[in-house]
Amino acid sequence: MEPLVVAQITLAAVQNILFATTTGLVACGVMGERSGMFEQATLRLWRAVLATALSIAAFAYLWLQAAVMSGSPLTAAGAAVGAVLTASHFGLAWSVGFLGALVAALSCCFGRRGFPLFVIGLLVYAAGKAAFSHAADSGDFSLREIIHAVHLVATGLWAGSVIVAAIVLYRRSREAGGSPGQKAAFCSALSYLATVALAVVLVTGFYNAMQDTAHAGAPLFGTAWGRLLAAKLAFVALATALGGWNRMVVLPDLHARAERRDPAYPAVQRRFDSLLSAEALAMLATLALAAVLGHTSPTGG
C-alpha cells in the first residue's frame, strides 16, 4: 500500500474519531445537563476545539486526495486542489462535509444560541462524508446514501457517547465530583441512548453491507474487505457485550446502591466505569477499521 494511501486512511480514522467524539459531546451534554454532571461553558469550549480539529483534518485529507488523484508529490499537491474541488464528485462532496465542520466550529462563537447550528453542522458533515463513500455508487441523494448518513450519525452517537462518558466518569472518580444519584442517572441515560443508537447502527449497517457486496466477484470472506468487515464486527460484538453486561447486570445494582446511599456504591461505580472504558477502546478500534474499510473495494476488484 502506498504511503499516501496509508496517510489517507490514518486521517480518515482521525476524522471518524473526531466526529464521533464531537457527536458524543452533544449527546453527553444533553444528558449531563439533566443530571447536573456538566458545565455548559466547558462543553462549548470542547465542542469548538473538536470541530476545529475536524475541519483541519478534513482539509489535510483533501490535500492528500489531490496528491493521489493528480499523481503529484505531496509538496506539489496544492496546484491540484482547485481542480479536485471543481472538477470531481469527491470535491463537491468534500466541500459539503467541510462546510458542515466549519459551521459547527464557528457556531460556538454564538454561545448557547449556536447549539442548533452546531448540530446542523455535524449533520451536514455526515451527509458530505456519505456522498464520497461506497454509498455514492448509487448516485447522489439516493436512499443508499441517506441510509449511510444515518449510519454515520448513529455510529457517532453510540461510539462518541461511550468514549466521552468513559473520560468524564474517570475524571469524576478522581475528583470525587457528582453525587451517586447524579452519576447513576447519567449512566442510565447513557445506556438508553447507546441501546437505541446501536439498534440503528445494526439495521443501517446490515443494509450497507448488503448493498456494498451486491456485485462482489468473490465470497465475502475471501476478500480483504470481507475480512476487515469481520474484524470490525468482532469489535462491535465485544462493545455490545460489554455494554449489555453494564446495562443488564451492573446498572441495576448501581441504582439500588445509589438510592440507599450504600457505602459499597463507589466499588460498583468503578466496575461500571471499567467496563465502559473497555467498551470505549473497542469503539476506537471499530472507528479505525471503518476508515480502512472505506478505502478498500467491497467487490474484491
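Every residue, even glycine, has its Cβ placed from backbone N, Cα and C.
Here TrEMBL flags 188-293 as domain 'Copper resistance protein D'.
Positions annotated as transmembrane segment by TrEMBL: 6-32 (among others). Through the fold, the transmembrane segment (6-32) approaches residues 38, 40, 43, 46-47, 50-51, 53-54, 57-58, 60-61, 64-65, 68, 104, 118-119, 122, 125-126, 129, 152-153, 155-157, 159-165, 168, 186, 189-190, 193, 283-284, 287-288, 290-292, 294-295 of its own chain, all at least 6 residues removed from its boundaries and within a Cβ separation under 8 Å.
Taken from TrEMBL, the feature transmembrane segment applies to 44-64 (among others).
Taken from TrEMBL, the feature transmembrane segment covers 76-103 (among others).
Look at TrEMBL and you will find 115-134 (among others) tagged as transmembrane segment.
The annotation transmembrane segment is assigned in TrEMBL to 146-170 (among others). Same-chain residues lying 6+ beyond the ends of the transmembrane segment (146-170) with a Cβ under 8 Å from its Cβ atoms: 17, 19-25, 27-28, 31-32, 37-38, 122-123, 126-127, 129-130, 133-135, 183, 186-187, 190, 193-194, 197-198, 200-201, 204-205, 207-208, 239, 243, 269, 272-273, 276-277, 279-280, 283-284, 286-287, 290.
Per TrEMBL, transmembrane segment is recorded for 190-209 (among others).
TrEMBL lists 229-251 (among others) with the feature transmembrane segment.
The transmembrane segment annotation in TrEMBL covers 272-293 (among others).
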What else in the chain is close to the transmembrane segment (190-209), if you only count residues 6 or more beyond its ends and a Cβ gap under 8 Å?
27-28, 31, 134-135, 144, 147-148, 150-151, 154-155, 157-158, 161-162, 165, 229, 236, 240, 243, 246-247, 251
Which residues of the chain, 6 or more past the ends of the transmembrane segment (229-251), have a CB below 8 A from one of its CBs?
162, 187-188, 191, 194-195, 198, 201, 209, 220-221, 268, 271-272, 275-276, 278-279, 282-283, 285-286, 289-290, 293
Secondary structure content, the domain 'Copper resistance protein D' (188-293) (per DSSP, counts of residues):
93 helix, 0 strand, 13 coil
Residue numbers, six or more beyond the limits of the transmembrane segment (44-64), whose CB comes under 8 Å of its CB atoms:
4, 7-8, 11-12, 14-15, 18-19, 21-22, 25-26, 29, 74, 77-78, 81, 84-85, 94, 97-98, 101-102, 104-105, 107-108, 111-112, 114, 118, 121, 125
